[in-house]
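Right, one structure below, let's go through it.
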Amino acid sequence: MAKAKFERTKPHVNIGTIGHVDHGKTTTTAAITKVLADAFPDLNEASAFDQIDKAPEEKARGITINISHVEYQTEKRHYAHVDAPGHADYIKNMITGAAQMDGAILVVAATDGPMPQTREHVLLARQVGVPYILVALNKADMVDDDEILELVEMEVRELLAAQEFDEEAPVIPISALKALEGDPKWTQSILDLMAAVDESIPDPVRETDKPFLMPVEDVFTITGRGTVVTGRIERGSVNVNEEVEIVGIKETSTKTTVTGIEMFRKLLDSGQAGDNVGLLVRGIKREDVERGQVVVKPGTTTPHTEFEGQAYILSKDEGGRHTPFFNNYRPQFYFRTTDVTGVVTLPEGTEMVMPGDNTEMSVKLIQPVAMDEGLRFAIREGGRTVGAGKVAKIIK
């Protein structure tokens, strides 16, 4: 087979395996690494099942999650792949965004078909904004009857369509175990799966290509020069002499011009996603800007006070609450750099939320926050994290 050469210019895509416990998510991950390592040895190393299964702990927004990262390449792309072994870890990762996903491989056992967690994962993927799902129909070697495979495929497609994912997404029958054992037929099924991943998961939009946004971390005055706002640029880029808008927390937004950009005490012509910068802003007093606001390309982000969110509430063992909460719960919602108090309304039919639950909620904040759908937040009580969530829908 022709050797693919390593190119830094390859698109980088973050993906993950999702699906019901015991349907073979981790085995599928291991099979992908092995088959690609055999096909493109100078690009890939195989990761054994037990390496992936012993997922190291990570902290994201104050929550501990067990999660494994592996990387591999096809001829077209470089992939970072996350696998969360436990159902709870999976849910926590989806909601906190510890590992972003540009697309997901839904693993469904052909012997079982979609199960309750399959549905829950797909629903959650929709709510946290995973852009694309395709399907690995695993354990296909154990099903002799093609009609059964077709039935399972139909069920999976209905499930995807119900959550507004692509009903025509590739559904690839595989046997991860047989591929790990080196069976040529099933090794090919993994190559087919990765060809489908290459083709169907769209290239992600890079952060630098999005409109400029920088959360304000600090504000100070430089005598003789004016007001400087500092922070890490979250997305996009900004140039000297460009107009920007300062949004959130206050009733009205303020427009101003960036007259200087500084990083590590050096002056720059522009700053881009990932840079920690100080922006010198024209005609703005120190008291006009505060932590928690964002500096943006004018007109690209708006402040809101009411939204629907999907949240995971920490269990007692994770350092969360010891007791449930009810309607009209009033914690702080930590967005980007600041806490804002909000009042929680639970979905109809939900009496209370227990520590360890994941839930939908409507929130009404006491101050406006610059937000887009998909923005993540922590739920805090007096500085202690008790939950994490993501904005699913902006109401007002």
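Just so it is clear, glycine is given a Cβ too, placed from its N, Cα and C backbone atoms.
Annotated in Swiss-Prot:
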DOMAIN    10-205  domain 'tr-type G'
REGION    19-26  region 'G1'
BINDING   19-26, 83-87, 138-141  GTP binding site
BINDING   T26  Mg(2+) binding site
REGION    62-66  region 'G2'
REGION    83-86  region 'G3'
REGION    138-141  region 'G4'
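Features as recorded by Swiss-Prot, highlighted on the structure.
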| residue | record | Cβ contacts under 8 Å, 6 or more apart |
| --- | --- | --- |
| G19 | GTP binding site | K25, L106, V107, V108, Q117, T118, H121 |
| D22 | GTP binding site | A109 |
| T26 | Mg(2+) binding site | T17, F49, I52, D53, S68, D83, P85 |
| A84 | GTP binding site | G16, A55, I65, N66, I67, S68, Y90, K92, N93 |
| H87 | GTP binding site | V21, Q117 |
| A140 | GTP binding site | A110, L149, P173, I174, S175, S189 |
| said: I want to verify one value. Collapsing DSSP to three states, which class is A84 (GTP binding site)? | reply: coil
| In the region 'G2' (62-66), how many residues does DSSP assign to helix, to strand and to coil? | 0 helix, 4 strand, 1 coil
